[in-house]
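In what follows, a structure is listed as structure tokens, so that the remarks can point back to it.
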Amino acid sequence: MFPFLTILVLLPLAGAALVRALPDGARGRVREVALGVTLLEALIGLVMLTQFDLGDAGTQQFTETYEWIPQIGTSWALGVNGFGLSMIVLALILTPLVILAEWRKDKKDPARTARYLALILVLQAFMVAIFAARDVFLFYVIFEAMLIPLYFLIGGFGGEQRRYAAVKFLLYSLAGGLIMLVAVVALYFVGPGGEQAYLIDNLAGYDFGTTPERLMFLAFFLAFAIKAPMVPVHTWLPTVAETARPGTTALLVAVLDKIGTFGMITLGLVIFPEASQWAAPVIIVFAVISVIYGAIAAIGQTDMLRLVSFTSVSHFGIMVLGIYAFQQTSVEGAALYMFNHGLSTGALFLVVAFLIDRKGSPYVGDYGGLQKVVPVFAGTFLIVGLSALALPGLSPFVSEIMVLVGAFEVAKIAVIVSATGVILAALYVLLTYQKVFTGPTKKGLEKTRELTLRERLVLWPLIGLMLVLGFFPSLAIDYLREPAAAVLTTINAEVSE
Amino acid sequence: MFTAPDLSYMAFAPIIIVLLAGAIGVLVEAIVRDAATRRAAQLTLTLVATLGALIVAAVQWATTTEAGVVAQAGFFVMDKQALAWQCMLLVFAALGALLFAARTRAGEEAFTPLGSAAPGSPEEAEALRRKLEVTEVFPLLLFAVGGMMTFASTTDYLALFVALEVFSLPLYIMVALARRKRLLSEEGALKYFLLGAFSSAIYLFGVALLYGAAATTSYAGVLGAILASPGDLALFVPGAILVLVGILFKLGAVPFHTWSPDAYQAAPTPVTAFMAAATKAAAAAALVRIVFSSLYPLEWELSWMIWTVAIVTMVVGTVVALVQTDIKRMLAYSSVAHAGFILVAFAGFSPEALSAVPFYLLTYGLATIGAFAVITQVREKADDGTVGGEATRLGQWAGLGRRDPLLAGAMALFLLSFAGIPLTAGFIGKFQVFAAAIDGGGWPLVLVAVLASAAAAFFYVRLIVLMFLTDVPEDQQEAVEVDYHPYTRVVVWITVIATVFLGVMPVWALQAASDAGVLLTGL
């Protein structure tokens, strides 16, 4: 079997080394090199999509297993089912677009650009690896190790408060990760043990005993909730969003935060089915709180980057609701939402970034009446915004409906309350649009630049993808149906016992 | 009638080589008059001795059976556990010797030209003018290492005491030999000496109690006596506690840590590097052997003490390190916190600790030597451009990442390893220690350790922020010069490679550690 996944991990690392090693003379071309690497990466991803056996989307494919540290039971074990593949594809789509979106930053400082791009490439390697990890220890190692490039991305590039934001981010994530570490260590002793003690396949369905299982589940869940981010452990996200570069934040929210919900499904539900059942009612309450709190907080924001980050808190609440409702449609919907939300939020952060590039201010109040000056920009902004409020025809709509309809049967009140979040979403999106683009044009904005070709190249593919998946959602759902069903089999087996 | 003990010299070749080389080093001091020649000779001698002993120890490791050799009338053993510690100590010593020999660009060494001269006295000025050098630090280093190696392989409480003094006395002297801030250096050494003497006395008192109860001072004898009298532990428990206090002092655990920040800050930085790594390793080696070959039946009576000390050590070390402004003191308190992490492995006396502790000390020691080696390279610069002492105020490290990205990157790696971030050696070390504790049922202790790690990450990361992410305007930049000496850089790169390698591919080291996880009891 051709080691697609390992290559997918190693290629960006090699790219990062290349970017840093470019001689001064070639430094001017550093963006092209990085973009080329990510495009090549995306191409490999495309080949994998064609090679993927859709009829068997529920089982791990492209699997590779090598001994890594047998003494502590861990292996370099990679593989993806349809769900993991969808996340990797999301990462592969967004990374080149982010590089393209940040093309003009630090134009005069190629060394700094090289540092930034190298970090982005390292991050991409980690993103692929974590969604492909079939070993809990490996998952943990990447989960923690990827904090380092992120930390430097946040702390080294961005606004004035960036050092504070980076440290806040790191401490939150590290605290969650280290508590997870206790559970990871414990897994070795209460689990099957041996040289492949951490393979998820070996841990799935293992009987740890009720109390250890619940304690370990809580430790894992805390780390994932911080990552996701759920209320009340979300406060690092707005801080990071307002200070970091929008490109960094776009990757962070669109892809990296998905590690939280991804982990809830592939580790939480699979390894700890009984404890997941046990905790589900409380988790759903927190999910609903996240939905409403995130939406209300978003309405109150004047900083557009903070606003977008709060909408994500709200949307992650919906995903978590879908996961812990344990219905085929709701889990499928949550997995689909993870993909669509990546497209939608990625586009949202980037379009806001383009707006901020023009005026230099993230505050809604500094804008007004731009519709007349830059109609294409306004239209693009509107469509991207509408995708965030789940307008029918755009792909997030399908996934949100699937979650809400699927969960309705088992959690009626939660769904009804969450549905109001959708209405609130209309408020924060349309109010923002109204303030920024309609009304009389503000002084000094008359000469605002229209959406450039580069910016269109960044945003329109994302919009196109959302439209296609909005009208033909089965293109994506086919990849997710069987993984969701497989997860639910273990859960339901637990119920019937 | 006196019967000659059966001495197996071959088995003890590593220790004998090191101590013999120390003795030769003293002769070299007396014979060779020219300072430069003497320094070269001493460095060569030290490196040959440590590396030679390392090779001998490695061969013994490869050829030794499961059991190892019991020798010198039951006072010492050479099992794989002892050999593992000895190899580790020899590596630390060789790296330390390179740091001892390094000098600044201006040719200034780390040690005072004349230790016996009062600070600021005409004698000292005269010694400076005549460019005298104290090259006896090399034999002192060898004696210290010899003592530490014995410390790790002894199986008798009295022999342990002798080894303790053999390695402590050279350290007291070396701490006092800093070239700059002479008064501070001598003060630190005096504190270290007084507290060290005090703890030796406490230790001896503990041994006396154990002897009173067991009528023997050997580990195995005490073990046998404890097992034989399960109902009557009135002398064993206080004796064991006092013995542990003596060891915990060397380990730098709270509340027996007070010497370490002063000694770390006061000592010449190369000495700090060696001392921080090797002393802790030796103390941990002795602790492992005492606990698992002599005192383990007292688990119930002793674990409250180990748990309390471990928690207090982690918390105090971490919290106090947060407020330090001097980098050497910060690392000193961080090493206190690490003593707490080491103790976590002893929760529940799980035999996993026999492999986890040596591995942890290896990762910690390498990163420590590397970090202090980096510190020797960052120097203050006077207005006239002359390079001065080490720039140890944290503020002076701002922007180091711009000036020397490689050196700052190395430092960042060591800090990440201290913090236990995955893909560095420190993570695997922490993992092993936590695994040992959880195996022994000590998961509450692990939870505390994990929270302490998260808090500790804050001050490690703060230094990384300073080095890489703080923009200092040109005119406000602290006058700091990055010094260069090939020996120091070699040490930095060796430790960098080892830290990454042990973090990414720890298989062989873990295998060695698990081979070392069997103790030979001595009788």
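Heads up, the Cβ atoms here are built off N, Cα and C, so glycines get one too.
Among the features that TrEMBL reports, domain 'NADH:quinone oxidoreductase/Mrp antiporter transmembrane' is placed at B:155-453.
Tertiary neighbourhood of the transmembrane segment (B:12-32): same-chain residues 38, 41-42, 45-46, 48-50, 52-54, 56-57, 60, 71-72, 76, 78, 86, 90, 93, 135-136, 138-140, 142-143, 145-146, 149-150, 153, selected by CB-CB distance under 8 Å and a gap of 6+ residues from either end. For B:12-32 (among others), the entry in TrEMBL reads transmembrane segment.
With a threshold of 8 Å between CB atoms, the same-chain residues lying at least 6 positions outside the transmembrane segment (B:44-63) that come near it are 11, 13-15, 17-18, 20-22, 24-25, 28, 78, 80, 83-84, 86-87, 90-91, 93-94, 97-98, 100, 138, 141-142, 145, 512. Taken from TrEMBL, the feature transmembrane segment applies to B:44-63 (among others).
Marked as transmembrane segment by TrEMBL: B:83-102 (among others).
Positions annotated as transmembrane segment by TrEMBL: B:134-152 (among others).
Look at TrEMBL and you will find B:158-178 (among others) tagged as transmembrane segment.
Under the heading transmembrane segment, TrEMBL lists B:190-213 (among others).
Feature annotation from TrEMBL assigns transmembrane segment to B:233-259 (among others).
Sequence annotations record features per position, and here TrEMBL assigns transmembrane segment to B:271-292 (among others).
Residues 248, 251-254, 257, 260-261, 263-265, 276, 280, 284, 287, 291-292, 296, 299, 303, 306-307, 309-318, 320-321, 324, 356-357, 360-361, 364, 368, 371-372, 375, 394, 418, 430, 432-434, 436-437, 439-442, 445-446, 449, 452-453, 456, 459-460, 463 of the same chain lie 6 or more positions beyond the ends of the transmembrane segment (B:330-350) yet place their CB under 8 Å from a CB of it. If you look up TrEMBL, you'll see B:330-350 (among others) marked as transmembrane segment.
Remote same-chain residues near the transmembrane segment (B:356-375) are listed as 81, 84-85, 88, 92, 95-96, 99, 269-270, 272-274, 276-278, 280-281, 284-285, 287-288, 327-328, 331, 335, 338, 341-342, 345, 390, 392, 407, 410-411, 413-415, 417-418, 424-426, 428-430, 432-433, 435-436, 488, 491-492, 495-496, 498-499, 502, 506, 509-510, 513, 516 (criterion: CB distance under 8 Å, separation of at least six residues from the stretch ends). The transmembrane segment annotation in TrEMBL covers B:356-375 (among others).
Among the features that TrEMBL reports, transmembrane segment is placed at B:406-429 (among others).
The transmembrane segment feature in TrEMBL is assigned to B:441-469 (among others).
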Other parts of the chain folded back onto the transmembrane segment (B:158-178), taken as Cβ under 8 Å at six or more residues beyond its ends: 75-76, 110-112, 115, 134, 137, 140-141, 143-148, 150-151, 184-186, 188-190, 192-193, 196, 200, 203-204, 207, 217, 246, 250, 263, 266-268, 271, 275, 279, 282, 286, 290
Other parts of the chain folded back onto the transmembrane segment (B:406-429), taken as Cβ under 8 Å at six or more residues beyond its ends: 334, 338, 356, 359-360, 362-364, 366-368, 370-371, 374, 377-378, 400, 453, 456-457, 460-461, 463-464, 467-468, 482, 492-493, 495-496, 498-504, 506, 510
Beyond the flanks of the transmembrane segment (B:190-213) by at least 6 residues, Cβ under 8 Å: 157-158, 161, 164-165, 168, 171-172, 175-176, 222, 225, 234-236, 238-247, 249-250, 256, 258-259, 262-263
